[in-house]
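Peer 1: Sharing a structure below in structure tokens format, with a few things to ask.
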Amino acid sequence: MKLTCVLIVAVLILTACQVIAADEAEATNRAIKRGWFGEESSCWWCTGFNKCCEAAAVCQSVNSACP
């Protein structure tokens, strides 16, 4: 019984670590696309529920189409 509990806890911890690592990787990819690491980007400041339309150099709602 103790071994089962230990295994369940270990699986939960490993799953949580994978989720955290995936979130960090996704955030890093978004940051690179937005130019936070030295890359030139016209809308590095575009955050939240907004998206960057590089061609028009505008930051607008994710629900709007890029011009």
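Cβ atoms here come from the backbone N, Cα and C positions, even for glycine.
Source: prediction; values computed, not measured.
Grabbed the feature section from Swiss-Prot, which reads as follows:
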type	residues	note
SIGNAL	1-22	signal peptide
DISULFID	CYS43-CYS53	disulfide bond
DISULFID	CYS46-CYS59	disulfide bond
DISULFID	CYS52-CYS66	disulfide bond
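Explain the structural surroundings of these features, please.
Peer 2: According to DSSP, CYS53 (disulfide bond) sits within a strand segment.
All protein chains shown were included, and the count of other CB atoms within 10 Å of the CB of CYS46 (disulfide bond) stands at 16.
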Peer 1: Would you find the one among the disulfide-bonded residues CYS43, CYS52, CYS53, CYS59, CYS66 whose Cβ has the most company, meaning other Cβ atoms within 10 Å?
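Peer 2: Top count of Cβ atoms within 10 Å goes to CYS52.
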Peer 1: What disulfide-bonded residues in the list CYS43, CYS46, CYS53, CYS59 lie within 10 angstroms of CYS66 (disulfide bond), counting C-alpha atoms?
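Peer 2: Correct set: CYS53, CYS59.
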Peer 1: To the nearest whole angstrom, what is the C-alpha distance linking CYS52 (disulfide bond) and CYS46 (disulfide bond)?
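Peer 2: If we compare the Cα positions of CYS52 (disulfide bond) and CYS46 (disulfide bond), the gap is 6 Å.
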